[in-house]
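Quick look at what TrEMBL annotates:
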- 1-72: region 'Disordered' (REGION)
- 60-69: compositional bias 'Basic and acidic residues' (COMPBIAS)
- 83-171: domain 'S1 motif' (DOMAIN)
- 187-258: domain 'S1 motif' (DOMAIN)
- 281-346: domain 'S1 motif' (DOMAIN)
- 365-436: domain 'S1 motif' (DOMAIN)
- 453-522: domain 'S1 motif' (DOMAIN)
- 542-611: domain 'S1 motif' (DOMAIN)
- 633-704: domain 'S1 motif' (DOMAIN)
- 726-795: domain 'S1 motif' (DOMAIN)
- 843-908: domain 'S1 motif' (DOMAIN)
- 1029-1086: domain 'S1 motif' (DOMAIN)
- 1321-1471: region 'Disordered' (REGION)
- 1357-1401: compositional bias 'Basic and acidic residues' (COMPBIAS)
- 1410-1447: compositional bias 'Basic and acidic residues' (COMPBIAS)
- 1485-1521: region 'Disordered' (REGION)
- 1511-1521: compositional bias 'Basic and acidic residues' (COMPBIAS)
- 1626-1659: repeat 'TPR' (REPEAT)
Amino acid sequence: MASQEDSFPRGGSKKKAHPVKAPQQPIEHDNLFDIPTEEGSRKRKRNPEQAAKNKRSKTEKKEPSKSEAEQSGILSIEVLSEGMRLLGCVKEVNNLELVISLPNDLWGYVQATNICDAYTKKLNEQVDREEPLEDLAPLSKLFQPGMLVRCAVSSLKSTSKKNKSIKLSLNPKDVNGVLSPAALKPGMLLTGTVDSVEDHGYLVDIGVGGTKAFLPWQKEQEYVKQKNKGTKLQVGQYLNCLIEEVKGNGGSVRLSTIQSEVSAAIATEEQNWTLDNLLPGLVVKAQVQKVTPYGLSLSFLSSFTGLVDFMHLDSKKTGHYFQTQMVRACILSVHPRTKSVRLTLHSSFLQAGRPITRLCHHLIGAVLNDVPVQSFYTKAGATFRLKDGSLAYARIRHLSQTEKSFKPEKFKPGNLHRCRVIDFSPMDDLALLSLKTSIIEAPFLRYHDIQPGQIVKGKVFTLRSYGMIVKVTEQIKGLVPTLHLADVQIRNPQKKYRVQDEVKCRVLMCDPENKKLLMTLKKTLVESSLPALTNYKEAKPDLQTHGFISSIKDCGCIVKFYNDVRGLVPQRELGAQPISAPEEVFYVGQVVKVTVLKSEPEQERMLLSFRLSNDKEMESTAQSQKKAMVKTGQLVDVKVKKKTEKGLEVSILPDDISALLPTTHLSDNVTNSQLLCYWLQAGDILHKVLCLSHSDGHIVLCRKPALISAVESGQDPKVFSEFQPGMLLTGFVKSIKAYGIFVQFPSGLSGLAPKSALSDKFVTTISDHFVEGQTVVAKVTNVDEEKQRMLLSLRLSDVSQEDTTASSLTLLSQCLEELQGVRSLMSSRDSVLTQTLAEMTPGLLVDLVVQDMSSDGSLVFSNGSVPGLVLRASKYHQGGKAVDPGQRTKAVILHVDTQKSEVHVSLRQELVNRKVKQLKKDTEHRAVIEHLEKTFAIASLVETGQLIAFPVASHLNDTFRFDSEKLQVGQGVSVIIKSTKPCDIGLFLAVESSVKKRTPALPSVAPESAGQDPGVVSELLEKPTLPIGEMVTGTVKSIKATHVIVTLENGLTGYIHASQILDDVSHGTHPTTTLKVGNPVTARVIGQRTWLTHKLASSLIKSIILFPICLCANSELEKNISSDPSTQSSSPTEKLKQYFPGQTVVCFMRKFNVIKKWLEVEITSDIRGRIPQLLTSLSFKVWCSDWQSSLGAGIQIVCPIDRPRVSLSHRKNGTKSSLELSLSLSLPLSLSFRTNPKMKSKIEDPEVTSMKDIKEGQLLRGYVEAIKKAQAQEESLCLCSCLFSLFPLLLMLFHLSCPSRVNRKQNLLYLSFLPKDTGKPDVFPESLGLPPRDQERELLSNQPKKKRKLEQEEEDHGASETKKKQQLKEKKEKKQLMKEKKEKQKQLMKEEKEKQKQLMKEKKKKQKQLVKEKEKQCQTKEEMHQAKQKQEDQSQPHREPGAKQKQELQTPSVRPGEKQTKPTEVPRLQLSSGFAWDVSLDTLAPAMPPREDSSDSEDEEASQLKKSKKGKELEKQEAEKELSRIEAALMDPNWKPETADDFDRLVLSSPNSSILWLQYMAFHLHATEIEKARAVAERALKSISFREEQEKLNVWVALMNLENMYGSKETLTKVFERAVQYCEPLKVYFQLADIYTKSEKYQAAEELYSRMLKRFRQEKTVWIRYGAFLLQRGQADANHRLLQRSFNCLPQKEHVDVISKFAQLEFQLGDAERAKAMFETTLSSYPKRTDVWSVYIDMIIKYGSQKEARDIFERVVHLSLAPKRMKFFFKRYLDYEKQHGTAETVQAVKEKALAYVEATGTLAES
């Protein structure tokens, strides 16, 4: 339009003529696609000049006719195009779509994803979360029928009948996308949807790119009250908005929804509308340009032209329009291509935002006669005038049955026709008619016309798996479910019904709103002449009708009728005779005839009966009288009639009265109840049976001895008033719920035992410990007579008596008596197998033949005479015998399983060769458990082998046991004999004396738990395995210190040891760090291992030992795995032969054992070693410092082998053999194991393999292995007194020694530490105060001559014929000297010849390896020279005398390899001041004996004895002082434990203190012993009393912290799930959230909070904690949304508190201004909430200014509150001013308070 104005600046007439020509161009352009014009164009190409003339002439002729046709035509699907903007009316609102009524009898649909982008985003979030979002409103709340909406055509889809369906979009981007920000002007009327809810209003999506629209709170309040029923706007809500203000060239606009302004909005020329951006729904002022028979042509906005068809003229003014008339019109549609505009003059569209009120017509479906024609339109249809004066419209296709039969002359104005109202168009305000005969005569026009119970006819449309679809009319289709295709169920309905077959159905249910129709084809229902029951009000008593069974319950049958009406047929009304199993008599879908007994329409309940009135009269009155004679609590005799699933149907003797004896009521023992029901047959008679209940002619019996005894003794209250708290009553479990158990008593009354009162232990799942019908003893804890309720307790502490032995023995005797009763029943049967089983008793010795061995390792026997008899001996009971099939052997019967026809036997010799001995009553014996049942255990006495039985449970309620409390086969127990003679089944009766006297089963035997199926183990043993050498692929599951766990593709688990990861491992590195969790790995199988796990005794884990292909050298890949001895299963001795003393091996640190003081290392997956702490270095500093903390688990170290040995370690969870090597580290190691590669040169010590390698005078190095008393040595006095003080650890390195004598015959080596022999300083420091060597010689010279002769003869070993005394002394001397090295010498002597060749080869290999290593380490000659020089320096102590040993002891900072220039100047070790060993009782005792025998002289010995007598008391006093010092140290409150033993003592004294347990865990964690810390936590959870909930929670939190830091996600999840079960769940959730937050695992914390919001959505603390978390993370917007969500979940009364808490969080962590706004908004709605005022004041004082605080106080003190509250605020105001104000402000507050008091007093007086 702007371009036209520029071209024609003057001349109004030309300007008006131009728009008329403009639309012609697109019309011609459209005609180019028509076939006739294409032909014409082809012809014109041949003669261009003639074509131009023809074109002009044809267009001139066709223009008037085409414009006339366009004006007379109405909208149709053919005219529509994608992108066309229309005004529509919401007709229907469904769950996921809207049905929109369009102009001219069109309609379309809008999907939920085409509302707006924000609503689509919410829908996607809901789909992702798989749960409904709280802030996502359904379409029914966002849209209401009659609402006018602007929409755009998104697509036109063709249907099967060549029709098109119109898909619309309400998205503002599709509707208002033609607008630009610059085109937005104030006063424009736009539509939009709520995009988000903000603090002060709403962000509205108007669909204009680059523009943000905001709707303030003030502008939407009126709309909310009037249109939205007082509820706030929600995301996706459709709005008609008026632009109030435009800012930033359209960048932001402010909207208003005030209805008065919106309704009065009119589009004006100042708003610069164009044909490109003109929108439907705009109200304009127009002028009539032309009046035609088909409508009007209007001009509006000075230059636009539009059409009004005949359907949208004002009915009151039709025929009165004239040219140039001014009217108000509303735009209906704008075509995007032709730019044609259609308008309406209906008054309902002239006020924007007003909904259409008339949506339906009251005559829909009615057939009307003699309806006159109002007018006829050639290509559109005809209008008719109804009797009420309103117009109706019929499209041209509805004017006749077919197109050929249509005659236009019949529809002249005034002609009368018969028609039917088929629909109503809200947009046209016209009723829609049809003159088709088929529609007029159709019985049903729409779903509303069909009523339940009505007979309909239709045609089969299609067959589906869920039923058959029947076509009733063109618009109505119904479903016949598979259940209703016939009276009986048919498997192949396609054989009976075919498409287009006519069927006759009866309507079951019709839902017109959702267009659902259910029908039935059951012949009985369709042809029934009885009245159809369609509502509960029609159900009168004694009414008989047909129905079908919809479900079968234990209580009876549910019968369903029409319109979803249903009723219950109780069990007593199923037939004339009682039916205990309705599912056996009736089936779902069965058509039945019922009689109405009772109906309650308000509750929609109905009671029915299958027994018709005639059948009821047939019931014998005599039978009823007989049943009435049986009273509750009466004992009767019964005869078994037949078995059912519920139990036994019996007849009460002698009157033959029918009754039911349930299976669970046959015995107090659940197992025996099943057994008795199995062996009882029809005709068997049972005596002394209790009548438990008698109601409505149905009698239920009970045979439980405990209940019978209670009734006989009168311990059965009959009425509720007799129940008193504290009573102990016997009953049975009636039903089990999640919250507890209902216990019923013989009188029929019942009570509830809550879950917390079922056991003294924590019960997770009730059904695991109790079953319905189980006998229990209950204690009444609470009685509510008004509500007829009582609470019970089943705890053993409440119901058990003091003498549990008697009760347990009674249960055992009763159980065995019932088993004997079963045997007597079996002996009366005809079966040989049954009689044989009855004759077999425990303890019977039988001869058997081995038949086969089953997969679980048990032996199966046969005795040959009885077919089908199975005798079985488990692996434990084979007694270690190796038997073959066919071999005969003797066995002892342990137990006979009569239900499975299986006999358990044992081949153990102690049972087969048992001794028969008379047992005395009440004597205690040791026994071994041989067999386990659920209620008792069979054991054998250790002394005699006789079999006994003792009860497992001590009470009827004793059903809960931990796994550690359960008995196991092979376990040792202590029992007390209670019967001197065997019972009827051959067992002595006994009871267990004490649980503490139990001993575990033998480690070599896998324990069999009670009730364990041996087949489970066999199935697990048959898991697939992999052949050795096969290449496999897998994924790294977890990485440990010394190995990597791999999950293979077939589900198996493998592990790779650290030694198998890399070929070349540098020292001090971790090979396992080269792999990461989740990485794929290719490996080769080199072994396999299977063992029983500790957690589940019946599960087997197969671990495949792998060798990683991707990380190993080619030599390892190509070698033959099967020939590798390391991969073959060999004995420990064979594997040990690969290692020899002195060999250097590469090992990996596993852990440091703090208690044993050694380092545990691993060489391979099955070879381990240990390094004592003293063998790690020569330095005391290394021994005493915390050197192990610097080492990480899995680090590689190199050390030589001291001596190899084999050790088998047995564990409770199976047998696992491991090889252990005793290793010693090489001496030149520095204080850390991370050595410099250049310093790895070995000290050149001489190789010592035998006595031949040692010569006198040679310098040697070694360590002190043991210290013993030397009786015949000249240094005994000095040696014994020194060693116990200098070497308290009894294991010490000595640096240098010199052999003084070598005795090769006795393999003895005499060493010397004297400085003159070694060239080094004296070993013993001067601080010991020992006499010099010369004084000792003087003492020796003063000895008698005999003594000196003896010493000379000791030196001469060749003299063998001396006196007897000398020989005895020589023998004693030999024994004492031989003790220390006896084992080592023997081993060396035996293996010297065998390993001599092997040692030589190993030496050569070792030398070659050393040369290679030196070449690698020293790349240049200079480096080689430096390495040799360092090697010489390290070997310097061998060549140079000095005091290097003592320097190392005194100054640990000097390394062993450093050279000492002045050895004589080295200070001696002063033990008293410089170093002190920890003194203990163990080190005090050995210091005394050496002083008694320290001299060989008789005089000195006597004097020494005298001195010892005199000093006895002094020594005792010193010892007592030392003991008191140690005790005082232990009693010191500041004393801290330092070892595991110290912690064990502490936790034993205070087992409920969580602080001690946590310190114990921290102690292990400090030593990086994670598993020990976990074990301590588990001990703590078992030790802490269940009443100490907070203490247990502390341990759970510590354990979760441990798993979070050192464990995996799976282990943490398991601990968390356990903690939730044992503690209050919400506390555990909070603790885990804090753990995640502190460890910066924010994603996990958010997921946990999401779970908490689902589970604890009613807890406001969860919302507050989550809000604090979000604010800490800086997610303020998420926190705002969370607050809004909380309002939808929390109760209304909690909202103010939550807002207050969130406001406080905003003060602390977020925006203070927002916090103030939240407080202000809350206080404006709740001005009398003094608690909110108080919190607000606190926050302002803390985070605001003094001015703001005074303003708040001023507001508060002027409120109209209670005097007590006002006094509180005045006091706070006064305190504030005293602290922060001046004297004037304080006086001002006082005056205000005085004024308030005076004003209050004045009001009170008035």
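Placed from the backbone N, Cα and C atoms, the Cβ positions cover glycine too.
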Item to check | Contact between the domain 'S1 motif' (365-436) and the domain 'S1 motif' (453-522) (at least 3 Cβ pairs under 8 Å, separation 6+) | outcome: no
Item to check | Recorded stretch that, among 83-171, 187-258, 281-346, 453-522, 843-908, has the most CB pairs under 8 Å to the domain 'S1 motif' (633-704) | outcome: 843-908
Item to check | Intrachain neighbours beyond the repeat 'TPR' (1626-1659), with Cβ under 8 angstroms and 6 or more residues off its ends | outcome: 131, 1593, 1596-1597, 1600-1601, 1604-1605, 1616, 1619-1620, 1665-1666, 1669, 1672-1673, 1685, 1689-1691
Checklist entry - Would the domain 'S1 motif' (281-346) count as touching the domain 'S1 motif' (843-908), if touching means at least three Cβ pairs under 8 Å and pairs must be 6 or more apart in sequence? => result no
Next on the checklist: Mean pLDDT across the domain 'S1 motif' (726-795), rounded to an integer, is what?
Outcome noted: 90
Checklist outcome for this item: Secondary structure split (DSSP) over the domain 'S1 motif' (726-795) reads 6 helix, 35 strand, 29 coil
Checklist outcome for this item: Residues in the domain 'S1 motif' (187-258) per DSSP class, helix first, strand next, coil last, are 10 helix, 34 strand, 28 coil
